[in-house]
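The annotation region 'Disordered' is assigned in Swiss-Prot to 49-95, 139-176, 206-274. Taken from Swiss-Prot, the feature domain 'Tify' covers 92-127. Feature annotation from Swiss-Prot assigns compositional bias 'Polar residues' to 139-150. Per Swiss-Prot, the feature coiled coil maps to 161-185; the stated evidence is sequence analysis. The motif 'Jas' feature in Swiss-Prot is assigned to 182-206. Here Swiss-Prot flags 183-190 as motif 'Nuclear localization signal', drawing on sequence analysis. Here Swiss-Prot flags 249-274 as compositional bias 'Basic and acidic residues'.
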Amino acid sequence: MSSSNENAKAQAPEKSDFTRRCSLLSRYLKEKGSFGNIDLGLYRKPDSSLALPGKFDPPGKQNAMHKAGHSKGEPSTSSGGKVKDVADLSESQPGSSQLTIFFGGKVLVYNEFPVDKAKEIMEVAKQAKPVTEINIQTPINDENNNNKSSMVLPDLNEPTDNNHLTKEQQQQQEQNQIVERIARRASLHRFFAKRKDRAVARAPYQVNQNAGHHRYPPKPEIVTGQPLEAGQSSQRPPDNAIGQTMAHIKSDGDKDDIMKIEEGQSSKDLDLRL
């Protein structure tokens, strides 16, 4: 037994520093209930846009406030209750906002203007009479109107009197008219020449200018009973030529018959004489 106790005593001081520190930390938390002023970087920094008290405070600070509240005897409230209290306070206090007024062609801006006074101003503005529109004409518009009224447009339908014109002016007008006529004629000639060239270029075949005076070569005469020579056309002769050839053939046959009859008569006469 004595040997076992000695072994236990020898093994007791062999505990690591980590276990000792953990045991000490647990005792400290049981006694204090928080880490105190020790910052371990485990909390989030408070957001600047939401400045609500107690929402993003360090855990040590929250516990300290919680204990202080209990010590004074105040009832403990949750985070939702605190938000409601802050909202009630903001509603109870009279609000102030920015006020913008358009008056007399100017813009007036007031910062932190109370709401009650703004409502009073709106009521006074409603009771006031509406402002009549004032027609303000600038001097530039007046000058333009005067210039328009002074301008007189001539009537083009009325004939112009040449009696008031001097001789030099009349001669100048006549020369201008002659020049204009010559220019018009020249432009017309150029236009017709271009039109003619375009028509010739677009035509599918070459236009023969002497088409009305064209003379066709004479047709060759057809002679019956002669063979066709080289280079002559073998076209069919007309019906009149065929009739003439047939009549000519018939006349030749009749002549042969007449000759035969005459020969027969002459032979009979010789027989009778003998």
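Heads up, the Cβ atoms here are built off N, Cα and C, so glycines get one too.
The helix, strand and coil residue counts that DSSP assigns across the motif 'Nuclear localization signal' (183-190) are 8 helix, 0 strand, 0 coil.
Sorting each residue of the motif 'Jas' (182-206) by its DSSP state yields 21 helix, 0 strand, 4 coil.
Taken through DSSP, the domain 'Tify' (92-127) splits into 14 helix, 17 strand, 5 coil. Summed and averaged per residue, pLDDT over the domain 'Tify' (92-127) gives 81.
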